[in-house]
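Among the features that Swiss-Prot reports, domain 'tr-type G' is placed at 10-204. Marked as GTP binding site by Swiss-Prot on the basis of sequence analysis: 19-26, 81-85, 136-139. The annotation region 'G1' is assigned in Swiss-Prot to 19-26 on the grounds of similarity to another entry. The Mg(2+) binding site annotation in Swiss-Prot covers Thr26. The region 'G2' annotation in Swiss-Prot covers 60-64. Under the heading region 'G3', Swiss-Prot lists 81-84, citing similarity to another entry as support. If you look up Swiss-Prot, you'll see 136-139 marked as region 'G4'.
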Amino acid sequence: MAKEKFERSKPHVNVGTIGHVDHGKTTLTAAISHVLTKTYGGEAKDFAQIDNAPEERERGITINTSHIEYDTPTRHYAHVDCPGHADYVKNMITGAAQMDGAILVVASTDGPMPQTREHILLSRQVGVPFIIVFMNKCDMVDDEELLELVEMEVRELLSEYDFPGDDLPVIQGSALKALEGEPEWEAKILELAEALDSYIPEPERAIDGAFILPIEDVFSISGRGTVVTGRVERGIVKVGDEVEIVGIKETTKTTCTGVEMFRKLLDEGRAGENCGVLLRGTKRDEVERGQVLAQPGSITPHTQFESEVYVLSKEEGGRHTPFFKGYRPQFYFRTTDVTGTIELPEGVEMVMPGDNIKMVVTLICPIAMDEGLRFAIREGGRTVGAGVVAKIIA
């Protein structure tokens, strides 16, 4: 079969498999690839190709991840699968693979296990918006009541972490049997694909969001005023738009009087573009790196938040020793470092390199943030951890 060319016209959705070790995440990933390419065309990936996950580095952290792609009639999916539990933790916290939705794989022979719970908690903390459940290995369970019991348990567990446990789709299937080509089980994979299509809404494209540009540099151009430069994170800024400067100092309002890219004047700057924005009446010393330029009212500055953090291991170039409460590192948001203090959960005295932990961070000056924002933890310019804002406190 000829290689299909990448269809730009279909909506692109990012998904991934999560769940306990050996519950069948990689087998399911292979089964989805196999059944969908058989049904709708494309190129299938087998278990060995997916299992042999290449090493990637995201912010200095080594993560093994497999990426596969598949199509349904209406969408193009990019799917991420990780071989080890630690890879999941790192992947979700660094946002190396941002998921629009996750497929939680639970072996019906085991029911929910410790990592099932941990992956659900992580999904909640890092802002995975939708979860679909695939109960795997159902060919090995003859007792219909047992399957119902496992399904109930999984739904309750999801509800415990504020996912709509009673309403989300649960598909009972067998990834291995589907991979072996048994029609009744292949049908379950198609049912899963339909659930992905209907239950996970089309993600908002970066360009459709509220405008935000993290400021990297500030220049003053004689006779014209102050220019800030950076890469537009989302949205569009047009000449004449009112914008806010948020973070570090008091929030101020100004107007965009010009946009330029590669020394050419433009009418607008769009998500993904590096550009300079000319600000009316703003003095050079009123803006600095680390602030953001944003659509008024779309983002606010905060100093205190709950976060989920992964602490780099010694092998990854992280700390060699644990840290304790009272630890004061730098927190690197977008373009700048801000000092902050940490509060550990009750009963936790110290944090070891290689751990993941929930902590409350208090910064010495406010940063423009919303839930889901990623950051690095640094000591003297060296990254020692990665985190995500789970909940804003103040």
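Residue numbers in this text run from 1 along the chain shown.
From the backbone N, Cα and C atoms, a Cβ is placed for every residue, glycine too.
What you are looking at is a predicted structure, and each value in this text was computed from that prediction instead of being measured.
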Could you round the CA separation between His85 (GTP binding site) and Thr26 (Mg(2+) binding site) to a whole angstrom and send it over? 13
Tell me, if you would, which residue among Lys25, His85 (binding-site residues) has the fewest other CB atoms within 10 Å in the structure shown? His85
Note down the number of other Cβ atoms within 10 Å of the Cβ of the residue listed as 'Mg(2+) binding site', including every protein chain shown. 21
DSSP state at Gly19 (GTP binding site), helix/strand/coil: strand
Residue distribution over DSSP helix, strand and coil in the region 'G4' (136-139): 2 helix, 1 strand, 1 coil
Row Cys82 (GTP binding site), column other C-beta within 10 angstroms, all chains, value 24
Around the C-beta of Asp22 (GTP binding site), how many further C-beta atoms are within 10 angstroms, looking at every protein chain? 12
Please identify, from the binding-site residues Gly19, Cys138, the residue with the sparsest Cβ neighbourhood, meaning fewest other Cβ atoms within 10 angstroms. Cys138
Go ahead and report the DSSP secondary structure tallies for the region 'G3' (81-84): helix first, then strand, then coil. 0 helix, 1 strand, 3 coil
